[in-house]
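Below you'll find the structure, written out as structure tokens, and then a few comments.
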Amino acid sequence: MRLSSSLIALVALAGQALALPFNELAERDTGLDVKLIPIGNTRVKAIITNNADHEMSFVKYNTLFDSSPVRKVQISKDGSIIPFKGIHLYYDIDNLPKEAYKTLAPGASAEAEFDIAETSDLSAGGSFKISAEGSIPVIDGQGTKPTSSIRFKANTLTMDIDGEMASRVASAIPELNKRTRVDNQTCTGQYAQLLQGGLRTCATYAQRAAQAASGGNAQKFQEYFKTTNQQTRQNVARRFQAIAQECSSANQGRTIYFCQDVYGYCQGAIAYTVPDRSHVVNCPAYWSLPPVLNRGLGPDHGYVIVHEFTHAPSVFSPGTVDHAYGYEQCRRLNAQQSLNNADSYSLFAADVSRN
């Protein structure tokens with residue numbers, strides 16, 4: 001973790017607060033249909049249709065309909081996954097702004113277009129497979145908060161891509177000049193103090209989680225990762241050890257931390273990671289979280305940092321994705337999904353550290 005010299009010199013603030021509510025959405029398999037259509041060399045259209053008999057509002061964030069460069073699809077070539085070079089957003093599903101939702105009447109559809117070359121290197125050209133599946137939080141009828149989550153699996157596309165044309169598509173993530181100087185500019189004053197405290201909490205969480213993963217209660221590990229395989233437990237412990245080391249490295253490390261929204265993708269989010277550049281960005285909502293929680297599974301500053309560092313392959317490879325948020329949704333994942341889900345690690349770390 002590389003931070004500014006002014007940040008290193010400051011002492012962290014400490015605090016206690018009650019846990020925030022976490023996601024307890026019921027999940028179902030019907031109500032929304034998602035279709036993918038190729039509309040250009042690297043451009044794709046997504047169409048979502050409300051198949052229910054009532055009005056429904058779906059969350060756009062972290063889905064195919066998010067205007068931010070989040071992972072919308074999975075791209076593969078010759079059986080190998082193409083690395084994702086966009087961002088991973090972390091948000092509080094219970095406090096989303098109105099613009100996070102799109103409302104659909106029964107039978108109505110919504111469309112979104114995006115360029116897959118903005119977040120993946122497709123310059124090799126040739127045949128690529130494009131797929132999308134996951135869960136979308138929804139509000140059934142009138143309401144202000146999601147009432148359930150609907151699983152979907154879109155059709156798989158096979159696209160013959162011109163590599164030269166794809167290479168000319170601009171990346172969705174702009175280059176930042178003098179990145180360490182930007183860090184000096186964003187992590188100052190109270191931001192610096194709070195971040196230092198968050199990093200210390202992160203280190204504590206990760207150290208305790210590493211111990212619990214390698215030699216702790218097997219049932220507790222099973223609760224979050226759906227397996228008790230000893231080799232898997234050791235691998236999870238190694239990820240936590242790497243996170244603990246990164247959280248303890250104030251003037252060195254593999255990531256760069258920004259305390260303000262240098263890329264402009266914070267709308268509705270608490271924090272986000274740019275894994276391809278090893279950048280972690282705190283949003284304004286991050287600073288409103290309690291610095292430290294002593295009970296429960298809600299997010300505090302250290303919890304969010306653990307979550308974000310699991311996304312960074314420079315800390316531990318491969319980096320994780322966001323299959324689900326919160327205890328109830330994460331509990332529905334299978335073993336493979338759980339081991340690749342950022343919030344599963346934060347929840348496990350919080351549980352073994354606080355409870």
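Every residue gets a Cβ built from N, Cα and C, even glycine.
Swiss-Prot annotations:
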- E308: active site (ACT_SITE)
- H307, H311, D322: Zn(2+) binding site (BINDING)
- C187-C259: disulfide bond (DISULFID)
- C266-C283: disulfide bond (DISULFID)
- 1-19: signal peptide (SIGNAL)
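Recorded features from Swiss-Prot, shown on the structure.
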residue: C259; record: disulfide bond; contacts (Cβ under 8 Å, 6+ apart): T186, C187, T188, Y191, A192, L195, N282
residue: C266; record: disulfide bond; contacts (Cβ under 8 Å, 6+ apart): Y272, V281, C283, P284, A285
residue: H307; record: Zn(2+) binding site; contacts (Cβ under 8 Å, 6+ apart): Y90, A271, P299, A342, D343, Y345, S346
residue: E308; record: active site; contacts (Cβ under 8 Å, 6+ apart): H88, Y90, A271, Y272, T273, V280, A342
residue: H311; record: Zn(2+) binding site; contacts (Cβ under 8 Å, 6+ apart): H88, T273, P275, G319, T320, V321, A342
residue: D322; record: Zn(2+) binding site; contacts (Cβ under 8 Å, 6+ apart): N62, H88, L89, Y90, N341, A342, D343
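Counting every protein chain shown, 22 other Cβ atoms lie within 10 Å of the Cβ of C283 (disulfide bond).
Those same-chain residues not listed among H307, H311, D322 yet with C-beta within 8 angstroms of the centroid of the Zn(2+) site C-beta atoms are H88, Y90, T273, E308, T310, T320, V321, N341, A342, D343.
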